[in-house]
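Participant: Mind having a look at this structure? Questions to follow.
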Amino acid sequence: MPGKGGGSYTVPIKIGVEMTLQQTELDKHFMSLALEAAKEAEARGEVPVGAVLVREGLVIATGYNHNIGLNDPSAHAEMQCLREAGRMLGNYRLLDTTLYVTLEPCAMCAGVMVHSRIERLVFGAKDEKTGAAGSVVDLVRHPAFNHQIQVEEGVLAEECSGMLSDFFRRRRKEQKALKQAARDTQSASE
């Protein structure tokens, strides 16, 4: 059930006030929802990254990568999720929230997270090329900024990184097959 912004949807899930699950179990639960959002991105031919924003055990918004479909370089899963949350809450400040994302955020997403005052970030797979939550740079905990975000990394990391690896492996195989088909067609016409 995609939202108006494309690449995001809202899922009302409430965990009781007494919250009997330990934080690590809660993190795994919400990361599994982010993985479901990543599957939606993959089904649309997008890089499979998903995000879920939670406040007090309630899922506020969910987003997935939608760059290709929207022709929008800023349509990352985190951005889609945070935009939807702002609409849902009627405020760009997303205080007392936790963002779950399957891949470590890039600099753009990290900047928006700091600006929106996310309290906590939980991510699955590290991004050794563009990660801005510690892998390449650490914008979310930079002491010069007016807000720092608590970070928990590696939650369901194997599932998150596996989904991305499988996606890019398939994509390379498809591109190789297309190139071979083009060569075969060219050879046949000569």
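Cβ coordinates come from backbone N, Cα and C, glycine included.
Automatic prediction, not curation, is the source of TrEMBL annotations.
Feature list, courtesy of TrEMBL:
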- 25-136: domain 'CMP/dCMP-type deaminase' (DOMAIN)
- H76, C106, C109: Zn(2+) binding site (BINDING)
- E78: active site, proton donor (ACT_SITE)
Participant: Enter the number of other CB atoms within 10 angstroms of the CB of the residue listed as 'active site, proton donor'.
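Facilitator: Around the Cβ of the residue listed as 'active site, proton donor', 27 other Cβ atoms lie within 10 Å.
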Participant: Within 8 Å of the Cβ centroid of the Zn(2+) site residues H76, C106, C109, which other residues of the same chain have their Cβ?
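Facilitator: Apart from H76, C106, C109, the close residues are A77, E78, M79, P105, A107, M108, A110, V112, A132.
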Participant: Looking at the domain 'CMP/dCMP-type deaminase' (25-136) alone, can you tell me the average pLDDT?
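Facilitator: Within the domain 'CMP/dCMP-type deaminase' (25-136), the model's average pLDDT equals 98.
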Participant: If H, G and I count as helix, E and B as strand, and all else as coil, what does DSSP give for H76 (Zn(2+) binding site)?
Facilitator: coil
Participant: Counting other Cβ atoms within 10 Å of each Cβ, which of the binding-site residues C106, C109 scores lowest?
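Facilitator: Candidates: the binding-site residues C106, C109. Fewest Cβ atoms within 10 Å: C106.
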Participant: Can you give me the Cα-Cα distance between C106 (Zn(2+) binding site) and E78 (active site, proton donor) in Å, rounded to a whole number?
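Facilitator: A Cα-Cα distance of 10 Å.
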Participant: Tell me the Cα distance separating C109 (Zn(2+) binding site) from the residue listed as 'active site, proton donor', rounded to the nearest angstrom.
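Facilitator: A Cα-Cα distance of 6 Å.
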Participant: Work out, from DSSP, the number of helix, strand and coil residues along the domain 'CMP/dCMP-type deaminase' (25-136).
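Facilitator: Counting residues by DSSP class gives 46 helix, 26 strand, 40 coil.
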Participant: Using all protein chains in view, find how many other C-beta atoms are within 10 Å of the C-beta of H76 (Zn(2+) binding site).
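Facilitator: Looking across every protein chain shown, the total is 28.
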